[in-house]
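The following features are taken from Swiss-Prot:
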type     : residues : note
TRANSMEM : 22-42    : transmembrane segment
TRANSMEM : 51-71    : transmembrane segment
TRANSMEM : 101-121  : transmembrane segment
TRANSMEM : 126-146  : transmembrane segment
TRANSMEM : 154-174  : transmembrane segment
TRANSMEM : 179-199  : transmembrane segment
TRANSMEM : 227-247  : transmembrane segment
TRANSMEM : 258-278  : transmembrane segment
TRANSMEM : 286-306  : transmembrane segment
TRANSMEM : 309-329  : transmembrane segment
TRANSMEM : 347-367  : transmembrane segment
TRANSMEM : 369-389  : transmembrane segment
Amino acid sequence: MSADSADSVPSPRSAFATTLQIVSVVSFTFICYLTIGLPLAVLPGFVHDELGFSAIVAGAAISVQYFATLASRPLAGRCADTLGPKRTVLRGLAACGASGALLLSAFAFARWPAASIGLLVASRLVLGIGESLVGTGAILWGIGRVGTAHNARVISWNGIATYGALAIGAPVGVAISHALIPAVLGMLVIALAALGYYLARLITPVPLVHGERMSYASVLTRVLPHGLGLALGSAGFGSIATFITLYYAARHWPNAALSLTVFGTLFIGARLLFANTIKTHGGFRVAIVSFAFECAGLLMLWLAPVPHVALVGAALTGFGFALIFPALGVEAVALVPPASRGAALSAYSVFLDLSLGITGPLAGYVAGAFGYPQVFLCAAVAAAAGVALSTVLYQRQARLSGSGAAA
């Protein structure tokens, strides 16, 4: 066996060691999203019931975090490229802690609604910045520790940490709020951020990557096709997350929450079991198959005559969506110099933020005009467009590789 072939098949021990290296830093993403998830399901009720504001104000107060995340993506990429991933993560965790302090103050000022809502909005804005810094920094920190050959595994594990923390945080936050008082959530956010900050300081930083740095606008232009693919794939996730419970209710079906659980379980399972296929077969080929699975699942949701069929549809959608972000992300990051990886990752992630922000109101219009099943039909069309786009990108890559080899 040649040295090259031996290196291409890592031993179980080296694979486990690599996973530990990755998990040790994406754990900070888990902590960050735990600080997001814990108050997430509690805050709308607090704003509407305790402070007396309308449901629109409650929704806006929560959603402002996502706009802060979107707006701070360029900052996160620049920090990761110029200050280093570790310092970027530390700044993000500090922002998460500050958001907890502002959240605690918002609960304390509940008797003065205007002051309380102002503090809450400030908390959400700071948390959005922290989310962007930690998410981008943790991925680049992981890549710096294990090498670019494991880009897909790092991105996949970071996604598992993200969605796992949100899935755990929301019900735990509701339970704590009911058992104690909501203000405890602010204290818990501060404590988690402080713990993450302490642990992050103990881990060795990775060297800064020097060399050519592209402008953010140039990076955004270069990763635009990949980002559009991510946006198309995210429409399915956004549709299920927002409308599956209303879809079940309109059909008078029970256990809508089970469909979300199945979606999340298949999502995490696919990332755990199949992340290495991106390295083996290439990002575009994996994306084509992933979009096809997602499209099939969404079509099943559209046509489902009984809950069991809808459940299978949700499962297929979660399985398909799981690898779209890392598959296209690996190809996007490969298009820029090493010194601009942070900018590429943040620019690429912008399309996820935009897609989730746009899907809600657009799908709401479709549901109101044509019914809830048509929401999933539209998302299936988006996934089918993702298949076509990924196929075009794969063929273009093959042509460029062929011309390069011929030269």
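Including glycine, each Cβ sits where the backbone N, Cα and C put it.
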Next item on the list: State the residues, same chain only, that lie 6 or more residues beyond the ends of the transmembrane segment (126-146) and have a CB under 8 A from a CB inside it; answer 'none' if no residue qualifies.
Entry: 18, 21-22, 24-26, 28-29, 32-33, 35-36, 64-73, 75-77, 79-80, 85-89, 91-96, 98-99, 102, 153-155, 157-158, 161-162, 193, 205-207, 209, 341-342, 345-346, 349
Margin query: Quick test of the contact rule: Cβ under 8 Å, at least six residues beyond the ends. What residues does that give for the transmembrane segment (309-329)?
Written below: 151-152, 155-156, 159, 226, 229-230, 233-234, 236-237, 240, 244, 247-248, 253, 258-260, 262-271, 274-275, 277-278, 283-284, 286-287, 290-301, 303, 345, 348, 352, 376, 383, 386, 390
Notebook entry, point to check: Cβ pairs under 8 Å with the transmembrane segment (51-71): which stretch of 227-247, 347-367, 369-389 has the most?
Noted result: 347-367
Note to self: Before we move on, state whether the transmembrane segment (258-278) and the transmembrane segment (154-174) share at least 3 Cβ pairs under 8 Å, counting only pairs 6 or more apart in sequence.
What the structure shows: yes
Notebook entry, point to check: When you scan the chain for residues with a C-beta under 8 Å from the transmembrane segment (179-199), skipping those not six or more beyond its ends, what do you find?
Noted result: 27-28, 31-32, 34-35, 38-39, 42, 46, 90, 93-94, 96-97, 99-101, 103-108, 130, 173
Item checked: Remote residues contacting the transmembrane segment (101-121) - C-beta distance under 8 A, at least 6 residues beyond either end -> 39, 43, 46-47, 50-53, 57, 61, 64, 181-183, 185-187, 189-190
Next item on the list: Go through the chain and flag residues at least 6 beyond the ends of the transmembrane segment (22-42) whose CB is under 8 A from any CB in it; none is fine as an answer.
Entry: 62, 65, 85, 89, 92-93, 96, 99-100, 103, 127, 130-131, 134-135, 137-139, 141-142, 145-146, 150, 153-154, 157-158, 160-162, 164-174, 176-177, 182, 185-186, 188-189, 192-193, 195-196, 199-200, 203
Next item on the list: With Cβ distances under 8 Å as the criterion, find the stretch in 154-174, 227-247, 369-389 that has the most pairs with the transmembrane segment (286-306).
Entry: 369-389
